[in-house]
Amino acid sequence: SQYSAVDTNPLSVYVMQPIWNKIIKIVPLWIAPNLLTFSGFVMILVNYFLISFYDWDYTASGTSPGRVPTWVWLFSAFTTFCAYALDSIDGKHARRTQSSSPLGELFDHGLDSWATSIFVLSFFSVCSRDGVSVYTMYIYLSIVLFNFMCSHWEKYNTGVLFLPWGYDLSQVVLITAYLLTGVVGVEVWQKPFLFDYYITDVLVILLIGFSLLLSFPQTLYNIHRAHVKKTLKNGSLYEGLLPLVSPLLLFMLLTVWVVLSPGNILAKQPRLFLWMVGVTFSNVICKVIICQMSNTRPELLHWFLFPLALVVGAATAGLLGRAEEAALAAFTALATAAHLHYGICVGRQLSEHFNIYIFSLKKRTQE
């Protein structure tokens, strides 16, 4: 299906787009758009692992300040800006080199679905678990992922991707937060900012407000409008709601684990647990994106739900005891490996199907 996206965000239209239009001119025409997308994703990963190295348990901005060197925060601001720029120009570059393809679209949105959680997990190091509890972090991450899911669920039903306003805003906030932390130090997050509110409180309130009062109603409105105009892709309510079943079940299972865990798994291993949330979610959403692109029906239950249900059931019933953290690590490794394997396989299949290379503009020779 033909790709169509709508961007109505003033920040994007009036401020960022003119910047991207200047940056795109320096990109050589022989570079493949997917290479830009992938480079941005690699920068986000490098940044994430660098911060994890200095701040595994999310305390570096709170109880153990000064553990993260200043250059790391400045490097975070730099990599976040580069990733944001690369993600914003890859589509323009594809049109410029006349190499737009469903493979590029999937590559872009698929990596975005994973990058979304990684951005959030890196940002948590700025506010630390003393400022924002690990439970707030979990809710915060879930809301961001829920927003991402909504925009693709909306595209599944309307055929148009309405780019969420929160995206550009969140990137600018992230870059500013890293710069601020690098220049002023982590103390900036410990002092009340307005009345008795800390900056982190303000950001959480903004995020929840943006999601629940702007993004979600906008999604429902766009779907309703398509329904009135009779341009909906799916005839029945069941078909329209089908892609939501797996993500919602996934969220329910994870929440049950967080709330009922005998060993308080989220407080013990916040980084591992939240990474696992991001990976499982990304895989579930990639399948929805593929269904929406290929006009096929998504499966009712994603296979991740079965091993996850086993682990959560065993953990909450107290059968795992001390092994709960090991079970989390094993499931996280399984999900991450499966997601990587899935991404590589789909990329290869599409590259063969469309007769294009993923990272090069040369045409594949017919065998």
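The backbone N, Cα and C atoms fix where each Cβ goes, and this holds for glycine too.
Per TrEMBL, these features apply:
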TRANSMEM  26-50  transmembrane segment
TRANSMEM  70-86  transmembrane segment
TRANSMEM  132-150  transmembrane segment
TRANSMEM  162-185  transmembrane segment
TRANSMEM  197-216  transmembrane segment
TRANSMEM  237-260  transmembrane segment
TRANSMEM  272-290  transmembrane segment
TRANSMEM  302-320  transmembrane segment
TRANSMEM  326-344  transmembrane segment
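Packing against the transmembrane segment (162-185) from elsewhere in the chain are residues 5-9, 11-12, 16, 61, 65, 70-71, 73-74, 76-77, 80-81, 84, 119, 123, 126, 144, 147-148, 150-151, 154-155, 203, 207, 210-211, 214-215, 218-219, 222: each is 6 or more residues past its ends and has a CB under 8 Å from a CB in it. Contact between the transmembrane segment (132-150) and the transmembrane segment (197-216) is present: at least three CB pairs lie under 8 Å, with pairs separated by 6 or more positions in sequence. Counting only same-chain residues 6+ beyond the ends of the transmembrane segment (197-216), those with a CB under 8 A from a CB of the stretch are 127, 131-132, 136, 140, 143-144, 146-147, 150-151, 164-166, 169-170, 173, 177, 188-191.
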